[in-house]
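Q: Dumping the structure here so I can ask a few things about it.
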Amino acid sequence: MVKETQYYDILGVKPSASPEEIKKAYRKLALKYHPDKNPDEGEKFKLISQAYEVLSDPKKRDVYDQGGEQAIKEGGSGSPSFSSPMDIFDMFFGGGGRMARERRGKNVVHQLSVTLEDLYNGVTKKLALQKNVICEKCEGVGGKKGSVEKCPLCKGRGMQIHIQQIGPGMVQQIQTVCIECKGQGERINPKDRCESCSGAKVIREKKIIEVHVEKGMKDGQKILFHGEGDQEPELEPGDVIIVLDQKDHSVFQRRGHDLIMKMKIQLSEALCGFKKTIKTLDNRILVITSKAGEVIKHGDLRCVRDEGMPIYKAPLEKGILIIQFLVIFPEKHWLSLEKLPQLEALLPPRQKVRITDDMDQVELKEFCPNEQNWRQHREAYEEDEDGPQAGVQCQTA
């Protein structure tokens, strides 16, 4: 039982979520709320990053589960020390962190929705991207030659320092992006700015790229287009990073190289055998057979070798197809009372039980728990002198 669930709620996962589920949740939310796409969601992006930083670290997650956010704060001498949200994003998507960003232009990260069929068969998709490119008219200068000057407000630092009093004898130093030069450290007189880029040095350009999704690739796998990201003056262009996002499939679930599916069979089929067909992800039809005399129990697993997912970079090799059988039992009174002895004669004999006078005979009814956990209501009943509240119910008919 965790103390609080705020970080889990931010990522939209349960406290029992696996590390892979936490990574997948962060990936989707970080791409959705990244400042480049949602400039007004900076605080949301920050909270998502903080939640992921804690829950992706087994030690921090354990501390959080036991003591909540307060325990995280106490573990950091009174205030939690979180990494930069952009550093977390870049490390997750392969950007390399702040130092790499200072030497290179921004990476452009895009999520590409794919089906399980796409990952099984391979597919090529075209993706239209918007990216920054150096302005050809001013060659990345931003204006006329010689018109660029050091920003007088921040003295070329790109940042402003503000001193704020937060209490008697206590002040706080706050660093913000310079409002005059927008963090560039330099400015251009409006009349001298380039007409094409308005002094921004770069312009937005649409580009179509072809993304080759190879057989066996996985959900969350990254495809890198080196040097195709945003361009900035005097910096090496960033990369375009495509992140595959697999849609849920109606029949199959993927587990590594294997495929898992559930198949319903009638009780007669479970006892007497059957032939069934399965449509594969490349539209072939498989015929599976359970021979007469073989008994399949509810929940039993069977497998078909070499019918799982192709293995990435070795597509001629495949995992296995795992089938879980769900046996459907007949409805009540499906057979007349007169015919039940005939059925019983065909089935294994019932276990005989010796009943004595000191035994209590009780009535067996269907268990129908309501939406709330029946154990909690039982505990409440034990503590409540007035008797049970609304809890476990049994059908009366």
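The backbone N, Cα and C atoms fix where each Cβ goes, and this holds for glycine too.
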Q: With Swiss-Prot open, pick whichever of Ser18, Ser79 is annotated phosphoserine.
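A: Checked Swiss-Prot: the phosphoserine annotation sits on Ser18.
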Q: Across all the protein chains here, work out how many other Cβ atoms are within 10 Å of the Cβ of Cys138 (Zn(2+) 1 binding site).
A: 23
Q: List only the single closest residue to Cys135 (Zn(2+) 1 binding site), chosen from the recorded positions Ser18, Cys151, Cys154, Cys178, Cys181 by CA-CA distance.
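A: If we rank Ser18, Cys151, Cys154, Cys178, Cys181 by Cα distance to Cys135 (Zn(2+) 1 binding site), first place goes to Cys181.
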